[in-house]
Amino acid sequence: MSAVKLDGKATAAKIKADLTTRVAALKERGITPGLGTVLVGDDPGSQIYVAGKHRDCAEVGIASIRVDLPETATQAEVEAVIDELNASPECTGYIVQLPLPKQLDTMALLERMDPAKDADGLHPINLGRLVHMVDAPLPCTPNGIVLLLQEYGVPIKGAEVAVVGRGITVGRSLGLLLTRRSENATVTLCHTGTQDLAGHVRRADIVVAAAGVPELIKRDMVKPGAAVLDVGVSRVNGKIAGDVALDVEEVAGFLTPNPGGVGPMTRALLLSNVVEAAERLQQSASVS
Ligand SMILES: Nc1nc2c(c(=O)[nH]1)N[C@@H](CN(C=O)c1ccc(C(=O)N[C@@H](CCC(=O)O)C(=O)O)cc1)CN2
């Protein structure tokens with residue numbers, strides 16, 4: 001058997017085509033969406049992702065504001081940038097690229113952001129809204145994963161899902177998304193303290209691997225026909241190594257390529273959050 005490819009690149013291209021039209025409509029009404037990025041330090045992966053985000057902005061017509069700070073930046077220096085972006089009318093949404101260098105307090109920085117400009121959906125108020133299942137910008141990777149499954153008709157309602165990795169950008173927030181009434185999946189959130197990882201994965205109809213451990217998910221751990229989404233990114237000899245072994249392709253029903261799967265969806269859903277924030281701005285301007 002050979003798995004159906006969950007093509008994130010192609011699906012992201014469709015999302016970006018729709019966003020291009022919506023950005024043009026916003027501009028006609030006098031609003032130019034603008035994405036700000038705050039990158040601290042010189043982590044090569046983060047550099048690549050932030051550069052990609054600005055390329056995407058240019059592609060759909062979103063203005064972009066890039067702030068790069070050195071690895072040694074202090075909490076006060078990053079806070080000053082956040083205050084500027086909160087106040088800037090050109091910036092309708094922004095992100096702080098994660099992870100941050102160790103000297104910085106990530107939670108304090110996320111809390112300092114204006115939740116209305118939180119393009120990542122990672123501000124505690126927005127994550128709290130997700131817990132309460134009310135409207136909020138959604139974290140980009142989890143939202144991208146749900147849309148990719150829907151695009152390929154992978155049943156989510158009633159599915160057993162094993163999410164491997166409990167980080168805030170993927171695993172923990174994905175659990176919240178998939179257990180909303182609209183998705184109604186049953187989620188097992190696995191992590192480094194999980195006793196029987198293989199057992200949990202083997203029961204799953206959908207497996208999301210976001211642990212950052214190359215080839216953690218082996219062929220014999222996957223239920224035949226399951227959908228497997230590989231979020232893990234490790235760089236081995238300069239090449240991307242995912243969390244899923246290559247021969248899982250022989251047993252899975254659906255599989256994301258990596259690269260070309262979840263990554264492009266993350267970036268497209270970031271643009272979508274920026275456009276939605278600008279649309280909310282435009283609606284409130286036309287009401288008042
Ligand atoms: N503030 C945030 N920080 C981080 C997030 C996030 O959503 N918000 N997620 C990850 C990194 N990430 C986004 O920032 C991200 C990861 C991967 C890709 C991507 O397009 N990958 C390509 C391959 C690119 C390459 O490495 O050559 C692919 O999968 O095809 C985009 C964004 C952690 N930090």
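Quick reminder: no glycine exception, Cβ is built from N, Cα and C everywhere.
All annotation found in TrEMBL is predicted automatically rather than curated by experts.
These come from TrEMBL:
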type    : residues                       : note
DOMAIN  : 6-120                          : domain 'Tetrahydrofolate dehydrogenase/cyclohydrolase catalytic'
DOMAIN  : 139-280                        : domain 'Tetrahydrofolate dehydrogenase/cyclohydrolase NAD(P)-binding'
BINDING : Gly165, Arg166, Gly167, Val233 : NADP(+) binding site
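Largest CA to CA distance in the NADP(+) binding set (Gly165, Arg166, Gly167, Val233): 15 Å, whole number. Mapped onto three states, the DSSP output places Arg166 (NADP(+) binding site) in coil. Taking each Cβ in turn and tallying the other Cβ atoms within 10 Å, the top scorer among the binding-site residues Gly165, Gly167 is Gly165. Residues within less than 8 Å, Cβ to Cβ, of Arg166 (NADP(+) binding site) and separated from it by at least 6 positions along the same chain comprise Arg172, Leu189, Cys190, His191.
For the domain 'Tetrahydrofolate dehydrogenase/cyclohydrolase catalytic' (6-120), the model's average pLDDT works out to 97. The number of other Cβ atoms within 10 Å of the Cβ belonging to Val233 (NADP(+) binding site), over all protein chains shown, comes to 19.
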